[in-house]
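Record features (Swiss-Prot):
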- G90, G91, A92, A93, T94, G95, K96, T97: ATP binding site (BINDING)
- 1-19: compositional bias 'Low complexity' (COMPBIAS)
- 20-31: compositional bias 'Pro residues' (COMPBIAS)
- 39-49: compositional bias 'Low complexity' (COMPBIAS)
- 1-56: region 'Disordered' (REGION)
Amino acid sequence: MSQPVTPRRTTRSSASASPSPAPASPTSPPKSRPKPSPRRQLLAAAAAPPKEDGSSADALLAELPGRRAQAMDILRLLAPAPALPLMLHGGAATGKTRALLLALRYLRPSQRLVYAALRSLPSPRALFASLLSQLSATPFSTSSRHRVPDKPSDFVAALRDALNGIVSQGEVVYLVFDNLEVVRSWDKGGQLLPLLLRLHDLLQLPQVVLVYVSSATPDAYYSMTGSVEPNYVYFPDYTVDEVRDILMHDHPNPKLYSSFLSVALKPLFRVTRRVDELSAVLEPLFRRYCEPLGDLKAVPDEGMKRRLFEHVQSHLAVALNETFNVPMRASMDEIKDGGSAGKGSAKRQFAGKDGLSSELEFHMSVSAKYLLLSAFLASRNPATLDAALFDSTGGLDNRKRKRKSSQASMHMKDTIVEEMLMKGPGTFPLERLLAIFQCITSVSEDILDEIDCPGNMASESGTTGLMSDVLLQLSTLCNSNFLSKSRSCPLEGSARYRSNIDEDLALKVARSVNFPLSKYMYRR
(Lines of atoms letter the chains of each structure in order from A and count residues from 1; the text may use other names and numbers.)
(Lines give C-alpha, C1' and ligand atoms only; values in the text may rest on other atoms or scores of the structure.)
Protein backbone atom coordinates (compact mmCIF):
# COMPACT_ATOMS: atom_id res chain seq x y z
CA MET A 1 0.00 0.00 0.00
CA SER A 2 1.47 3.32 -1.08
CA GLN A 3 2.07 6.04 1.44
CA PRO A 4 -0.14 9.15 1.30
CA VAL A 5 1.15 12.10 -0.67
CA THR A 6 1.57 15.38 1.18
CA PRO A 7 -1.33 17.71 0.28
CA ARG A 8 -0.60 20.93 -1.60
CA ARG A 9 -1.77 23.26 1.19
CA THR A 10 0.15 21.49 3.98
CA THR A 11 2.41 23.84 5.92
CA ARG A 12 6.17 23.60 5.68
CA SER A 13 6.59 22.25 9.22
CA SER A 14 4.00 19.50 8.83
CA ALA A 15 5.40 18.55 5.45
CA SER A 16 8.86 18.07 6.93
CA ALA A 17 7.44 15.88 9.70
CA SER A 18 5.36 13.67 7.40
CA PRO A 19 6.88 10.58 5.76
CA SER A 20 8.41 11.08 2.33
CA PRO A 21 6.20 10.14 -0.61
CA ALA A 22 6.86 7.09 -2.74
CA PRO A 23 8.91 7.60 -5.89
CA ALA A 24 6.93 8.27 -9.01
CA SER A 25 6.13 5.43 -11.34
CA PRO A 26 8.33 5.18 -14.41
CA THR A 27 5.26 5.21 -16.62
CA SER A 28 3.82 8.42 -15.15
CA PRO A 29 5.01 11.51 -17.02
CA PRO A 30 6.71 14.19 -14.91
CA LYS A 31 4.74 17.32 -14.21
CA SER A 32 6.01 20.31 -16.16
CA ARG A 33 6.49 23.49 -14.18
CA PRO A 34 6.91 26.94 -15.66
CA LYS A 35 10.50 28.06 -15.80
CA PRO A 36 11.12 30.90 -13.34
CA SER A 37 12.18 34.24 -14.78
CA PRO A 38 15.81 35.36 -14.38
CA ARG A 39 14.75 38.08 -11.96
CA ARG A 40 12.92 35.55 -9.75
CA GLN A 41 16.00 33.35 -9.77
CA LEU A 42 18.13 36.30 -8.69
CA LEU A 43 15.67 37.17 -5.91
CA ALA A 44 15.82 33.62 -4.59
CA ALA A 45 19.60 33.65 -4.77
CA ALA A 46 19.81 37.00 -3.01
CA ALA A 47 17.57 35.76 -0.19
CA ALA A 48 19.69 32.62 0.27
CA PRO A 49 22.43 32.50 2.92
CA PRO A 50 25.66 34.15 1.80
CA LYS A 51 28.50 32.03 0.56
CA GLU A 52 31.57 31.55 2.72
CA ASP A 53 34.19 30.99 0.04
CA GLY A 54 36.94 33.55 -0.36
CA SER A 55 36.33 34.04 -4.08
CA SER A 56 32.84 35.52 -3.72
CA ALA A 57 33.90 38.94 -5.01
CA ASP A 58 35.66 37.40 -8.01
CA ALA A 59 32.61 35.26 -8.75
CA LEU A 60 30.40 38.34 -8.55
CA LEU A 61 32.56 40.26 -11.01
CA ALA A 62 32.59 37.27 -13.36
CA GLU A 63 28.77 37.28 -13.38
CA LEU A 64 28.69 41.00 -14.29
CA PRO A 65 30.75 41.66 -17.42
CA GLY A 66 31.25 45.35 -18.03
CA ARG A 67 30.02 46.29 -14.55
CA ARG A 68 33.14 45.80 -12.43
CA ALA A 69 33.31 49.40 -11.18
CA GLN A 70 29.58 49.55 -10.40
CA ALA A 71 29.65 46.20 -8.55
CA MET A 72 32.60 47.29 -6.43
CA ASP A 73 30.82 50.55 -5.58
CA ILE A 74 27.69 48.67 -4.51
CA LEU A 75 29.68 46.33 -2.28
CA ARG A 76 31.58 49.25 -0.79
CA LEU A 77 28.45 51.28 -0.06
CA LEU A 78 26.27 48.42 1.21
CA ALA A 79 28.81 46.26 3.07
CA PRO A 80 28.74 48.19 6.38
CA ALA A 81 25.46 47.57 8.16
CA PRO A 82 24.58 51.20 8.99
CA ALA A 83 24.65 52.46 5.39
CA LEU A 84 23.17 55.54 3.77
CA PRO A 85 20.45 55.13 1.13
CA LEU A 86 21.70 54.10 -2.29
CA MET A 87 20.29 54.98 -5.71
CA LEU A 88 21.25 53.07 -8.84
CA HIS A 89 20.39 55.05 -11.95
CA GLY A 90 20.97 54.62 -15.66
CA GLY A 91 19.17 53.73 -18.85
CA ALA A 92 16.91 50.75 -19.35
CA ALA A 93 18.51 47.30 -19.55
CA THR A 94 21.89 48.43 -18.18
CA GLY A 95 22.19 45.76 -15.48
CA LYS A 96 21.15 47.79 -12.42
CA THR A 97 18.83 45.24 -10.82
CA ARG A 98 21.03 42.27 -11.68
CA ALA A 99 24.12 43.91 -10.20
CA LEU A 100 22.24 44.83 -7.02
CA LEU A 101 20.70 41.40 -6.42
CA LEU A 102 23.96 39.59 -7.08
CA ALA A 103 25.78 41.98 -4.75
CA LEU A 104 23.25 41.31 -1.99
CA ARG A 105 23.84 37.60 -2.50
CA TYR A 106 27.51 37.96 -1.64
CA LEU A 107 27.16 40.28 1.34
CA ARG A 108 28.56 38.71 4.50
CA PRO A 109 26.29 39.78 7.39
CA SER A 110 22.93 38.22 8.09
CA GLN A 111 20.52 40.11 5.88
CA ARG A 112 16.90 40.08 4.79
CA LEU A 113 15.74 41.30 1.41
CA VAL A 114 12.43 43.10 0.90
CA TYR A 115 11.96 43.71 -2.82
CA ALA A 116 9.25 45.91 -4.38
CA ALA A 117 8.90 45.71 -8.18
CA LEU A 118 7.02 48.97 -8.69
CA ARG A 119 6.36 48.29 -12.37
CA SER A 120 4.14 45.34 -11.41
CA LEU A 121 2.27 47.26 -8.68
CA PRO A 122 -0.72 49.37 -9.78
CA SER A 123 -1.18 51.71 -6.81
CA PRO A 124 0.33 52.91 -3.52
CA ARG A 125 -2.00 50.59 -1.61
CA ALA A 126 -0.58 47.60 -3.49
CA LEU A 127 2.93 48.77 -2.60
CA PHE A 128 2.03 49.04 1.09
CA ALA A 129 0.54 45.54 1.06
CA SER A 130 3.57 44.06 -0.74
CA LEU A 131 6.11 45.50 1.70
CA LEU A 132 4.16 44.63 4.83
CA SER A 133 3.42 41.11 3.59
CA GLN A 134 7.13 40.41 3.08
CA LEU A 135 7.88 41.63 6.59
CA SER A 136 4.99 39.85 8.27
CA ALA A 137 4.31 36.16 8.81
CA THR A 138 0.72 36.55 7.59
CA PRO A 139 -0.21 38.36 4.37
CA PHE A 140 -1.93 41.73 4.50
CA SER A 141 -5.27 41.88 2.72
CA THR A 142 -8.68 43.37 3.09
CA SER A 143 -10.15 40.02 4.13
CA SER A 144 -7.66 39.28 6.93
CA ARG A 145 -7.39 40.84 10.32
CA HIS A 146 -4.37 42.82 9.11
CA ARG A 147 -5.69 45.75 7.15
CA VAL A 148 -3.59 47.57 4.57
CA PRO A 149 -3.00 51.19 5.67
CA ASP A 150 -4.67 53.79 3.50
CA LYS A 151 -2.78 56.85 4.73
CA PRO A 152 0.98 57.25 4.23
CA SER A 153 1.43 58.13 7.91
CA ASP A 154 -0.25 54.86 8.95
CA PHE A 155 1.94 52.97 6.49
CA VAL A 156 5.13 54.46 7.95
CA ALA A 157 4.01 53.51 11.46
CA ALA A 158 3.15 49.94 10.42
CA LEU A 159 6.42 49.63 8.50
CA ARG A 160 8.43 50.84 11.49
CA ASP A 161 6.73 48.32 13.79
CA ALA A 162 7.38 45.45 11.39
CA LEU A 163 11.02 46.43 10.92
CA ASN A 164 11.62 46.84 14.65
CA GLY A 165 10.67 43.21 15.21
CA ILE A 166 13.23 42.03 12.65
CA VAL A 167 16.03 44.44 13.55
CA SER A 168 15.76 43.49 17.22
CA GLN A 169 16.85 39.96 16.24
CA GLY A 170 20.12 41.28 14.80
CA GLU A 171 19.17 41.12 11.12
CA VAL A 172 19.95 43.74 8.49
CA VAL A 173 16.99 44.58 6.23
CA TYR A 174 17.48 45.82 2.67
CA LEU A 175 14.43 47.63 1.27
CA VAL A 176 14.72 47.70 -2.53
CA PHE A 177 12.42 49.88 -4.67
CA ASP A 178 12.89 48.88 -8.31
CA ASN A 179 11.68 51.12 -11.19
CA LEU A 180 11.20 54.12 -8.92
CA GLU A 181 10.21 56.34 -11.85
CA VAL A 182 6.90 54.43 -12.16
CA VAL A 183 5.60 56.06 -8.96
CA ARG A 184 5.23 59.39 -10.77
CA SER A 185 2.52 57.91 -13.00
CA TRP A 186 0.40 56.69 -10.07
CA ASP A 187 -2.57 58.50 -8.65
CA LYS A 188 -1.14 60.81 -5.96
CA GLY A 189 2.31 59.58 -6.93
CA GLY A 190 3.71 63.07 -6.52
CA GLN A 191 2.93 62.84 -2.79
CA LEU A 192 4.17 59.27 -2.38
CA LEU A 193 7.54 59.78 -4.08
CA PRO A 194 8.94 62.25 -1.49
CA LEU A 195 7.72 59.91 1.24
CA LEU A 196 9.67 56.97 -0.17
CA LEU A 197 12.79 59.09 -0.52
CA ARG A 198 12.49 60.25 3.12
CA LEU A 199 12.01 56.80 4.66
CA HIS A 200 15.57 56.88 6.02
CA ASP A 201 14.73 59.96 8.09
CA LEU A 202 11.25 58.78 9.04
CA LEU A 203 12.20 55.27 10.18
CA GLN A 204 15.40 56.17 12.07
CA LEU A 205 16.59 52.54 11.95
CA PRO A 206 20.33 52.18 11.19
CA GLN A 207 19.96 48.46 10.39
CA VAL A 208 17.52 49.22 7.55
CA VAL A 209 19.24 50.05 4.25
CA LEU A 210 17.18 51.67 1.49
CA VAL A 211 18.07 51.04 -2.16
CA TYR A 212 16.36 52.78 -5.09
CA VAL A 213 16.69 51.60 -8.70
CA SER A 214 15.61 54.08 -11.35
CA SER A 215 15.91 54.67 -15.08
CA ALA A 216 15.50 58.43 -14.54
CA THR A 217 18.28 60.78 -13.51
CA PRO A 218 18.63 61.88 -9.86
CA ASP A 219 17.54 65.39 -10.86
CA ALA A 220 14.03 64.05 -11.40
CA TYR A 221 13.77 63.29 -7.66
CA TYR A 222 15.36 66.45 -6.30
CA SER A 223 13.40 67.96 -3.43
CA MET A 224 14.06 70.75 -0.98
CA THR A 225 12.93 68.77 2.08
CA GLY A 226 16.38 68.65 3.69
CA SER A 227 16.42 64.85 3.87
CA VAL A 228 19.54 62.71 3.67
CA GLU A 229 20.76 62.53 0.09
CA PRO A 230 21.49 58.97 -1.09
CA ASN A 231 24.73 57.76 -2.61
CA TYR A 232 24.55 57.43 -6.39
CA VAL A 233 25.92 54.72 -8.67
CA TYR A 234 25.58 55.41 -12.39
CA PHE A 235 25.17 52.61 -14.93
CA PRO A 236 26.12 53.79 -18.44
CA ASP A 237 25.05 52.08 -21.64
CA TYR A 238 26.96 48.98 -22.61
CA THR A 239 29.64 49.15 -25.28
CA VAL A 240 29.65 46.69 -28.15
CA ASP A 241 32.46 44.68 -26.56
CA GLU A 242 30.58 44.49 -23.25
CA VAL A 243 27.40 43.35 -25.01
CA ARG A 244 29.46 40.71 -26.78
CA ASP A 245 30.84 39.44 -23.47
CA ILE A 246 27.33 39.29 -21.99
CA LEU A 247 25.92 37.34 -24.91
CA MET A 248 28.91 34.99 -24.96
CA HIS A 249 28.61 34.20 -21.25
CA ASP A 250 28.12 30.43 -20.66
CA HIS A 251 27.32 29.68 -24.30
CA PRO A 252 27.66 25.95 -25.16
CA ASN A 253 29.59 26.63 -28.42
CA PRO A 254 31.52 29.88 -27.92
CA LYS A 255 33.53 29.68 -31.16
CA LEU A 256 30.44 29.21 -33.34
CA TYR A 257 28.52 31.93 -31.52
CA SER A 258 31.51 34.27 -31.70
CA SER A 259 31.62 33.93 -35.48
CA PHE A 260 27.89 34.68 -35.59
CA LEU A 261 28.21 37.78 -33.39
CA SER A 262 31.04 39.12 -35.53
CA VAL A 263 28.53 39.24 -38.39
CA ALA A 264 25.24 40.24 -36.74
CA LEU A 265 26.02 42.24 -33.59
CA LYS A 266 27.46 45.49 -34.92
CA PRO A 267 24.65 46.24 -37.44
CA LEU A 268 22.03 45.71 -34.74
CA PHE A 269 24.06 47.59 -32.13
CA ARG A 270 23.85 50.75 -34.26
CA VAL A 271 20.08 50.68 -33.79
CA THR A 272 19.76 49.70 -30.13
CA ARG A 273 22.12 49.08 -27.21
CA ARG A 274 19.62 47.30 -25.00
CA VAL A 275 20.78 43.79 -24.22
CA ASP A 276 17.24 42.44 -23.89
CA GLU A 277 16.23 43.67 -27.35
CA LEU A 278 19.45 42.43 -28.92
CA SER A 279 19.09 39.03 -27.31
CA ALA A 280 15.50 38.69 -28.53
CA VAL A 281 16.51 39.41 -32.13
CA LEU A 282 19.76 37.46 -32.16
CA GLU A 283 18.19 34.21 -30.95
CA PRO A 284 16.13 33.47 -34.11
CA LEU A 285 18.94 34.80 -36.29
CA PHE A 286 21.37 32.35 -34.73
CA ARG A 287 19.02 29.48 -35.55
CA ARG A 288 18.97 30.68 -39.17
CA TYR A 289 22.75 30.97 -39.06
CA CYS A 290 23.12 27.34 -37.98
CA GLU A 291 20.71 25.87 -40.56
CA PRO A 292 23.45 24.78 -43.02
CA LEU A 293 25.31 23.01 -40.19
CA GLY A 294 24.57 19.41 -39.39
CA ASP A 295 26.34 19.48 -36.03
CA LEU A 296 25.79 22.47 -33.74
CA LYS A 297 28.95 21.60 -31.82
CA ALA A 298 31.16 21.94 -34.88
CA VAL A 299 33.79 24.67 -35.11
CA PRO A 300 33.45 26.46 -38.48
CA ASP A 301 36.50 27.23 -40.61
CA GLU A 302 36.91 30.31 -42.82
CA GLY A 303 35.09 28.77 -45.78
CA MET A 304 32.18 27.68 -43.61
CA LYS A 305 32.01 31.15 -42.02
CA ARG A 306 31.61 32.76 -45.45
CA ARG A 307 28.88 30.28 -46.40
CA LEU A 308 27.04 30.87 -43.11
CA PHE A 309 27.29 34.64 -43.59
CA GLU A 310 25.80 34.44 -47.09
CA HIS A 311 22.96 32.32 -45.71
CA VAL A 312 22.04 34.72 -42.87
CA GLN A 313 22.67 38.01 -44.69
CA SER A 314 19.17 38.34 -46.13
CA HIS A 315 17.56 37.45 -42.80
CA LEU A 316 19.69 40.07 -41.04
CA ALA A 317 18.38 42.78 -43.37
CA VAL A 318 14.80 41.70 -42.66
CA ALA A 319 15.45 41.83 -38.91
CA LEU A 320 16.80 45.37 -39.19
CA ASN A 321 13.77 46.56 -41.16
CA GLU A 322 11.03 44.81 -39.20
CA THR A 323 12.14 44.53 -35.59
CA PHE A 324 13.64 47.99 -35.17
CA ASN A 325 11.24 50.00 -37.31
CA VAL A 326 11.78 53.69 -36.57
CA PRO A 327 8.44 55.59 -36.48
CA MET A 328 8.29 58.36 -39.04
CA ARG A 329 5.70 60.78 -40.29
CA ALA A 330 5.31 62.07 -43.80
CA SER A 331 6.39 65.68 -44.03
CA MET A 332 4.13 68.34 -45.47
CA ASP A 333 6.43 68.69 -48.50
CA GLU A 334 5.75 65.05 -49.38
CA ILE A 335 2.02 65.64 -48.95
CA LYS A 336 2.19 68.55 -51.41
CA ASP A 337 4.02 66.36 -53.93
CA GLY A 338 1.38 63.66 -53.65
CA GLY A 339 3.18 61.56 -51.06
CA SER A 340 5.69 58.81 -51.55
CA ALA A 341 6.12 55.38 -50.04
CA GLY A 342 8.37 52.39 -50.22
CA LYS A 343 12.09 51.96 -49.94
CA GLY A 344 12.93 55.02 -52.02
CA SER A 345 11.32 57.45 -49.58
CA ALA A 346 12.98 55.72 -46.65
CA LYS A 347 16.38 56.14 -48.28
CA ARG A 348 15.79 59.85 -48.89
CA GLN A 349 14.79 60.34 -45.30
CA PHE A 350 17.88 58.59 -43.93
CA ALA A 351 20.29 60.27 -46.36
CA GLY A 352 19.51 63.85 -45.40
CA LYS A 353 22.10 66.48 -44.65
CA ASP A 354 21.40 66.49 -40.95
CA GLY A 355 21.27 62.71 -40.67
CA LEU A 356 18.70 60.95 -38.55
CA SER A 357 18.18 63.83 -36.16
CA SER A 358 16.36 65.95 -38.74
CA GLU A 359 13.96 63.26 -39.97
CA LEU A 360 13.15 61.02 -37.02
CA GLU A 361 9.82 61.52 -35.35
CA PHE A 362 9.88 62.95 -31.85
CA HIS A 363 8.26 60.64 -29.31
CA MET A 364 5.60 63.09 -28.16
CA SER A 365 2.14 64.06 -29.29
CA VAL A 366 1.56 66.88 -31.75
CA SER A 367 -0.11 69.02 -29.11
CA ALA A 368 2.93 68.60 -26.86
CA LYS A 369 5.15 69.79 -29.70
CA TYR A 370 3.06 72.93 -30.20
CA LEU A 371 3.02 73.51 -26.46
CA LEU A 372 6.81 73.19 -26.37
CA LEU A 373 7.12 75.70 -29.21
CA SER A 374 4.74 78.06 -27.40
CA ALA A 375 6.88 77.87 -24.27
CA PHE A 376 10.03 78.55 -26.29
CA LEU A 377 8.50 81.65 -27.87
CA ALA A 378 7.18 82.87 -24.53
CA SER A 379 10.64 82.54 -22.96
CA ARG A 380 12.50 84.12 -25.87
CA ASN A 381 10.21 86.97 -26.95
CA PRO A 382 9.34 89.98 -24.80
CA ALA A 383 5.75 89.93 -23.61
CA THR A 384 5.18 93.44 -25.01
CA LEU A 385 5.65 92.14 -28.57
CA ASP A 386 3.03 89.39 -28.43
CA ALA A 387 0.37 91.58 -30.00
CA ALA A 388 2.66 92.46 -32.91
CA LEU A 389 4.06 88.98 -33.45
CA PHE A 390 0.76 87.11 -33.32
CA ASP A 391 -1.54 89.53 -35.15
CA SER A 392 -3.93 88.54 -37.91
CA THR A 393 -1.73 89.94 -40.71
CA GLY A 394 0.99 87.37 -40.35
CA GLY A 395 3.35 88.43 -37.62
CA LEU A 396 6.48 90.36 -38.57
CA ASP A 397 5.58 90.58 -42.26
CA ASN A 398 4.18 94.08 -41.72
CA ARG A 399 7.53 95.69 -41.03
CA LYS A 400 7.17 97.87 -44.15
CA ARG A 401 4.48 99.93 -42.47
CA LYS A 402 6.71 100.80 -39.54
CA ARG A 403 8.36 104.17 -39.63
CA LYS A 404 12.11 104.36 -39.55
CA SER A 405 13.44 104.06 -36.05
CA SER A 406 15.52 106.81 -34.61
CA GLN A 407 19.06 106.37 -33.35
CA ALA A 408 17.90 106.53 -29.73
CA SER A 409 15.23 103.87 -30.20
CA MET A 410 17.69 101.57 -31.99
CA HIS A 411 20.16 102.00 -29.15
CA MET A 412 17.39 101.15 -26.68
CA LYS A 413 16.53 98.01 -28.62
CA ASP A 414 20.18 96.96 -28.59
CA THR A 415 20.26 97.44 -24.84
CA ILE A 416 17.11 95.34 -24.40
CA VAL A 417 18.55 92.54 -26.52
CA GLU A 418 21.79 92.52 -24.54
CA GLU A 419 19.83 92.34 -21.29
CA MET A 420 17.79 89.43 -22.63
CA LEU A 421 20.96 87.57 -23.59
CA MET A 422 22.46 88.16 -20.16
CA LYS A 423 19.34 87.08 -18.29
CA GLY A 424 18.72 83.97 -20.39
CA PRO A 425 15.24 82.53 -21.03
CA GLY A 426 12.52 84.50 -19.34
CA THR A 427 9.60 83.23 -17.29
CA PHE A 428 5.96 83.51 -18.26
CA PRO A 429 2.56 82.82 -16.69
CA LEU A 430 0.18 80.08 -17.77
CA GLU A 431 -2.25 82.54 -19.36
CA ARG A 432 0.38 83.83 -21.79
CA LEU A 433 1.45 80.30 -22.71
CA LEU A 434 -2.13 79.27 -23.52
CA ALA A 435 -2.68 82.42 -25.59
CA ILE A 436 0.41 81.74 -27.73
CA PHE A 437 -0.56 78.07 -28.00
CA GLN A 438 -3.99 79.01 -29.33
CA CYS A 439 -2.47 81.39 -31.88
CA ILE A 440 0.12 79.03 -33.35
CA THR A 441 -2.28 76.08 -33.51
CA SER A 442 -4.76 78.21 -35.43
CA VAL A 443 -1.97 79.15 -37.85
CA SER A 444 -1.19 75.46 -38.33
CA GLU A 445 -4.84 74.69 -39.10
CA ASP A 446 -4.85 77.44 -41.75
CA ILE A 447 -1.77 75.89 -43.40
CA LEU A 448 -3.42 72.48 -43.52
CA ASP A 449 -6.58 73.92 -45.07
CA GLU A 450 -4.53 75.32 -47.96
CA ILE A 451 -3.04 71.87 -48.77
CA ASP A 452 -5.10 69.34 -50.68
CA CYS A 453 -4.17 66.12 -48.88
CA PRO A 454 -5.10 63.00 -50.88
CA GLY A 455 -6.65 60.22 -48.87
CA ASN A 456 -6.79 62.36 -45.74
CA MET A 457 -3.06 61.87 -45.15
CA ALA A 458 -2.84 64.90 -42.91
CA SER A 459 -5.21 63.42 -40.37
CA GLU A 460 -3.32 60.14 -40.44
CA SER A 461 -0.02 61.90 -39.77
CA GLY A 462 -1.30 63.26 -36.53
CA THR A 463 -1.07 66.97 -37.36
CA THR A 464 -4.78 67.59 -36.81
CA GLY A 465 -6.90 66.59 -33.88
CA LEU A 466 -4.82 68.28 -31.20
CA MET A 467 -5.42 67.02 -27.68
CA SER A 468 -7.63 69.20 -25.55
CA ASP A 469 -6.02 68.42 -22.21
CA VAL A 470 -3.21 70.97 -22.48
CA LEU A 471 -2.59 71.01 -18.74
CA LEU A 472 -1.74 67.31 -18.79
CA GLN A 473 0.73 67.90 -21.62
CA LEU A 474 2.24 70.80 -19.67
CA SER A 475 2.77 68.58 -16.64
CA THR A 476 4.46 65.96 -18.83
CA LEU A 477 6.85 68.54 -20.30
CA CYS A 478 7.74 69.75 -16.81
CA ASN A 479 8.41 66.21 -15.60
CA SER A 480 10.64 65.64 -18.64
CA ASN A 481 12.64 68.82 -17.84
CA PHE A 482 11.68 70.48 -21.13
CA LEU A 483 10.06 73.18 -18.99
CA SER A 484 10.78 74.45 -15.51
CA LYS A 485 8.04 75.47 -13.10
CA SER A 486 8.72 78.04 -10.40
CA ARG A 487 6.79 78.81 -7.29
CA SER A 488 3.73 81.03 -7.34
CA CYS A 489 4.48 84.69 -7.82
CA PRO A 490 3.46 86.70 -4.72
CA LEU A 491 2.10 89.52 -6.92
CA GLU A 492 0.30 87.52 -9.62
CA GLY A 493 -0.65 84.56 -7.42
CA SER A 494 0.07 81.97 -10.12
CA ALA A 495 3.02 79.77 -11.07
CA ARG A 496 5.47 80.80 -13.78
CA TYR A 497 7.24 78.60 -16.32
CA ARG A 498 10.48 78.75 -18.29
CA SER A 499 11.60 76.88 -21.41
CA ASN A 500 14.78 74.78 -21.12
CA ILE A 501 15.35 74.00 -24.81
CA ASP A 502 17.68 75.81 -27.17
CA GLU A 503 16.93 77.22 -30.59
CA ASP A 504 18.29 74.21 -32.50
CA LEU A 505 15.96 71.78 -30.77
CA ALA A 506 13.03 74.18 -31.17
CA LEU A 507 13.69 74.41 -34.91
CA LYS A 508 13.78 70.62 -35.22
CA VAL A 509 10.46 70.32 -33.41
CA ALA A 510 9.01 73.03 -35.65
CA ARG A 511 10.19 71.23 -38.79
CA SER A 512 8.54 68.01 -37.63
CA VAL A 513 5.12 69.76 -37.62
CA ASN A 514 5.92 72.15 -40.51
CA PHE A 515 5.52 75.26 -38.36
CA PRO A 516 7.30 78.50 -39.44
CA LEU A 517 9.01 79.16 -36.11
CA SER A 518 11.48 81.76 -37.42
CA LYS A 519 8.59 83.96 -38.46
CA TYR A 520 7.51 84.37 -34.82
CA MET A 521 10.93 84.77 -33.19
CA TYR A 522 11.96 88.27 -32.16
CA ARG A 523 15.24 89.24 -33.78
CA ARG A 524 17.08 92.51 -33.63
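Residue 1 is the first one shown; counting continues down the chain.
Using the three backbone atoms N, Cα and C, a Cβ is placed for every residue, glycine included.
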Neighbouring C-beta atoms (10 Å sphere around the C-beta of G95 (ATP binding site)): 21
Spatial neighbours, same chain, of T94 (ATP binding site) - Cβ under 8 Å, 6+ residues apart: F235, P236, D237, Y238
Other same-chain residues whose Cβ falls within 8 Å of the Cβ centroid of G90, G91, A92, A93, T94, G95, K96, T97, the recorded ATP site, in sequence order: S215, F235
Cβ-based isolation winner (fewest other Cβ atoms within 10 Å) among the binding-site residues A92, A93: A92
Which of G90, G91, the listed binding-site residues, has fewest other Cβ atoms within 10 Å: G91
The one of K96, T97 whose CB sees the fewest other CB atoms within 10 Å, among these binding-site residues: T97
For G90 (ATP binding site), the three-state class that DSSP assigns: strand
G95 (ATP binding site): secondary structure state under DSSP, collapsed to three categories: coil
